[in-house]
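The block underneath contains the structure these notes are about, expressed in structure tokens.
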There are 2 protein chains.
Amino acid sequence: MDAQTPYARLKTRFARLTHLEDAAGMLHWDLSTVMPEGGAEARAAQLATLKTVSHDLLTAPEVGDLLDAADADEAPALDGWDRANLSAMRRQWRHATALSTALVEAHSRACSACEMAWRGARAADDFAAVRDRLATVLDLTREIAAAKAEALGRSPYDALLDEYEPGGSEAEIAPLFDDLAAELPAILDDALAAQAADPASALPPGPFPADKQRALARRLMERIGFDFRHGRLDESLHPFCGGVPDDVRLTTRYDEADFTSALMGVLHETGHALYERGLPAAWRDQPVGRALGMSVHESQSLLMEMQACRSRAFLTFAAPLMAEAFGARPGDPGWDAETLYRRNTRVEPGLIRVDADEVTYPAHVILRFRLERALLSGDLALDDLPGAWRDGMRDLLGVTVPDDRTGCLQDIHWYDGAIGYFPTYTLGAMTAAQLFAAAVAAVPSIPDDLARGDFAPLLGWLRTQVHGLGQSVTAREMLERATGRPLDAAVFTAHLRRRYVERVG
Amino acid sequence: MDAQTPYARLKTRFARLTHLEDAAGMLHWDLSTVMPEGGAEARAAQLATLKTVSHDLLTAPEVGDLLDAADADEAPALDGWDRANLSAMRRQWRHATALSTALVEAHSRACSACEMAWRGARAADDFAAVRDRLATVLDLTREIAAAKAEALGRSPYDALLDEYEPGGSEAEIAPLFDDLAAELPAILDDALAAQAADPASALPPGPFPADKQRALARRLMERIGFDFRHGRLDESLHPFCGGVPDDVRLTTRYDEADFTSALMGVLHETGHALYERGLPAAWRDQPVGRALGMSVHESQSLLMEMQACRSRAFLTFAAPLMAEAFGARPGDPGWDAETLYRRNTRVEPGLIRVDADEVTYPAHVILRFRLERALLSGDLALDDLPGAWRDGMRDLLGVTVPDDRTGCLQDIHWYDGAIGYFPTYTLGAMTAAQLFAAAVAAVPSIPDDLARGDFAPLLGWLRTQVHGLGQSVTAREMLERATGRPLDAAVFTAHLRRRYVERVG
């Protein structure tokens with residue numbers, strides 16, 4: 001061991017951390033899909049120990065010394081990938097060592113208690129029942145933000161954001177979201193007007209048996225490029241993409257009255273899965289070989305679902321397959337590509353984020369981004385949250401929030417301690433639009449390819465421009481190289497106008 | 001932490017070791033049942049890291065100090081369970097620290113290479129193709145045995161045996177097996193004669209669809225006491241019982257031409273599962289809360305399969321359920337209890353251990369026990385193994401071994417480095433017979449209960465006398481308390497005579 005350089009020793013240690021994280025990922029998949037209820041306590045103990053052991057490995061006193069030695073003596077001679085790897089190690093170590101064990105444990109306990117109380121509070125539409133626990137979570141989150149702000153040399157909110165979005169900042173996001181918020185109401189009005197002029201869309205006749213939905217989903221996943229030798233499709237209450245890059249596990253939930261939500265959900269998760277599978281194989285167990293952050297991850301799922309699979313081009317290809325999957329003929333009412341396109345691009349302002357369409361979704365995120373910053377800074381008192389939520393929904397989407405259950409109690413995130421996560425959804429949507437436009441500019445055949453069900457040209461471009469880079473560049477560098485410009489709202493709003501107002505694309 | 005006593009600190013550390021071992025157990029289950037082939041490499045890395053991290057936790061220098069301090073200062077004041085726990089910790093630590101990392105790694109590499117070569121050698125019936133690799137495994141196993149012998153104060157073979165059978169010894173096993181070997185040929189002759197006088201048994205007409213076999217297996221598992229809130233039944237190439245005590249995962253493999261082998265396999269694994277589930281809940285994550293060893297574990301599966309479920313009593317109950325499961329009527333040819341009993345108690349000397357019946361199985365084990373001791377001591381040269389195998393099969397079972405594929409190449413164990421494991425199968429069979437006889441003596445209604453499909457009285461007795469004890473006593477103490485005598489061959493041979501010669505029981 002001692003003959004190894006500090007950086008080589010760090011690589012061994014971080015490979016172990018990756019394996020432990022991967023093991024925990026598989027156990028999470030199991031928990032969500034196949035574990036019997038009685039296994040919960042033992043599983044919690046396994047996961048907690050994996051976390052403790054990983055934390056001990058990452059924060060052992062020698063790690064700081066090794067990082068310093070590697071930075072001082074080896075960094076100048078390392079190539080780009082190794083240098084990026086070393087700095088990703090440093091970032092991970094800073095996050096882990098910024099907090100005392102006591103603070104981490106207090107936060108973890110507070111989040112568990114708050115999340116538990118939130119489940120009851122949401123069901124009972126009773127914000128007061130969870131208010132005090134949320135206050136505790138917020139207080140501890142402020143402590144964490146302050147500690148990380150010092151360790152990372154960032155603002156408190158940016159320090160929280162950095163966990164999900166390395167290098168992301170409030171100062172960059174706020175103006176992007178302001179631009180979007182200024183544009184969206186007009187797009188929404190125009191989209192609703194365009195939609196009102198659409199002919200009525202017959203619903204294809206159900207029910208849609210789960211096994212037929214599954215067969216269709218698998219068929220389209222394979223078309224897109226999912227390799228079942230390296231992954232699975234299963235069922236869980238809350239769909240997700242888990243597992244590890246060489247064994248990606250997607251889940252969905254089938255509704256036999258409507259096959260669209262499960263299918264589009266699967267295509268969304270397939271986008272996540274292809275990103276994981278495309279990460280650089282030579283760096284599988286090092287930080288530089290992992291995904292760039294949540295917004296880039298979300299961009300890959302939204303690119304696949306929203307940009308590619310809800311497009312008129314793809315639905316032209318998929319309509320006959322969908323009809324066939326459920327024993328209908330392509331000409332049958334409700335099964336033509338035009339009807340399916342209209343059904344897959346409906347817009348309707350609503351109360352619930354997870355049910356929102358592509359046009360109204362950003363408003364939900366912008367509201368949460370504004371409110372969570374105000375909560376963290378103390379500008380918004382917790383008692384004023386329900387009212388601020390109602391005001392925000394009225395201003396941003398023109399909808400009236402009738403209760404807290406469909407208002408500030410709807411999402412688990414804050415009650416589970418995740419502050420700084422929400423913006424990544426809409427950053428992901430903007431990134432997806434910008435990347436897809438660049439892909440089409442670089443490979444103009446892509447829309448026609450999708451209309452033939454050929455994803456290879458699109459996937460090939462993504463493999464080179466995004467997936468294969470791992471963390472060897474920052475998210476900003478990746479985007480500028482791939483698209484020639486930093487993230488801005490214009491490509492995304494242009495996409496929305498094209499699809500929802502002009503009804504093309 | 002420093003305010004804790006050494007024993008309390010050891011408990012925290014051993015709880016973590018349990019959680020890591022449990023995590024690895026779940027990942028093994030996944031690997032054998034649902035993992036796509038492309039996940040193998042990542043899974044191997046996860047499992048290797050869990051092993052390394054566990055080894056580091058167990059062999060850290062402070063563990064020896066804590067054990068010494070706990071033994072010196074705390075042991076006298078501890079109650080029986082904690083004292084047994086402390087000594088189980090010591091045993092585990094001795095096994096782990098006896099070997100250098102270099103030896104463990106060399107052995108692990110040699111076993112992987114040998115096992116790989118064995119697969120080809122068995123298929124090609126070519127012992128020479130694996131001979132040198134097996135020689136390397138044996139050499140390293142001798143080194144391991146010598147090191148453990150010194151650490152544990154046991155003979156080399158006993159030191160290997162101790163891993164599977166804590167406290168077990170060659171000196172105890174050899175005379176038991178000699179008694180058995182002396183009795184078995186006469187039992188076998190008498191059994192074959194009795195069987196020849198049986199009326200012909202019509203085979204119930206197949207095929208037996210896997211989903212119907214599964215439904216029947218689940219129904220009988222629940223009857224026996226398996227709780228599906230705490231476990232699963234799945235499929236794998238090699239059936240096993242895995243998972244953790246509160247989430248026990250059984251597997252089987254369905255043969256649509258014959259439902260008996262999968263069903264009896266499931267009932268066998270259910271015996272293992274009930275043992276795991278019955279281990280003391282208050283000691284779940286401590287060594288004293290784990291199973292007593294492989295022979296006791298095997299006794300629980302064999303008790304359930306052989307003593308209970310192949311009995312005339314149980315088959316009387318199960319015959320109509322079996323008929324019903326496959327759409328037959330209880331009176332239909334082949335579905336009456338007598339026929340099913342005869343089919344489930346057929347005896348036939350054969351070449352393959354895993355296909356052997358209850359009467360001939362011990363001969364296979366006794367042969368391996370004799371040969372592995374001779375190999376380890378050097379009394380038997382590796383080149384003489386194929387011949388010694390043929391001689392042993394002729395002497396013990398009267399069968400002629402035509403080739404090495406069905407001879408000394410049939411089992412994976414030695415080629416994978418497991419020496420000292422084989423005797424636990426037959427120790428388990430003897431223990432099962434002795435425990436079952438004691439259960440019936442204590443609760444005379446048990447055979448009638450089984451004939452009504454009521455396992456509660458039998459399971460209740462096992463919970464108290466075996467399962468709930470964990471490692472708070474030794475296997476020998478458990479058996480003497482439960483049955484009033486040490487292990488001897490007489491109860492087992494009496495059972496064999498009763499069932500296979502007198503054709504009752």
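For all residues, glycine too, the Cβ spot is worked out from N, Cα and C.
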Joining B:His268, B:His272 at the Zn(2+) site recorded in TrEMBL, out of B:Glu235, B:Glu298, is B:Glu298
List, in sequence order, the residues of the same chain other than B:His268, B:His272, B:Glu298 whose Cβ lies within 8 Å of the centroid of the Cβ atoms of the recorded Zn(2+) site. B:Cys241, B:Glu269, B:Gly271, B:His297, B:Gln300, B:Ser301, B:Leu302, B:Met304, B:Glu305, B:Gly428
I want to check the contact list for B:Glu298 (Zn(2+) binding site): same chain, sequence separation of six or more, C-beta distance under 8 angstroms. What comes out? B:Thr424, B:Tyr425, B:Leu427, B:Gly428, B:Ala429, B:Thr431, B:Ala432
Return the count of C-beta atoms lying within 10 angstroms of the C-beta of B:His272 (Zn(2+) binding site), excluding that atom itself. 22
Could you check the recorded positions B:His268, B:Glu269 and say which one's CB has the most other CB atoms within 10 Å? B:Glu269
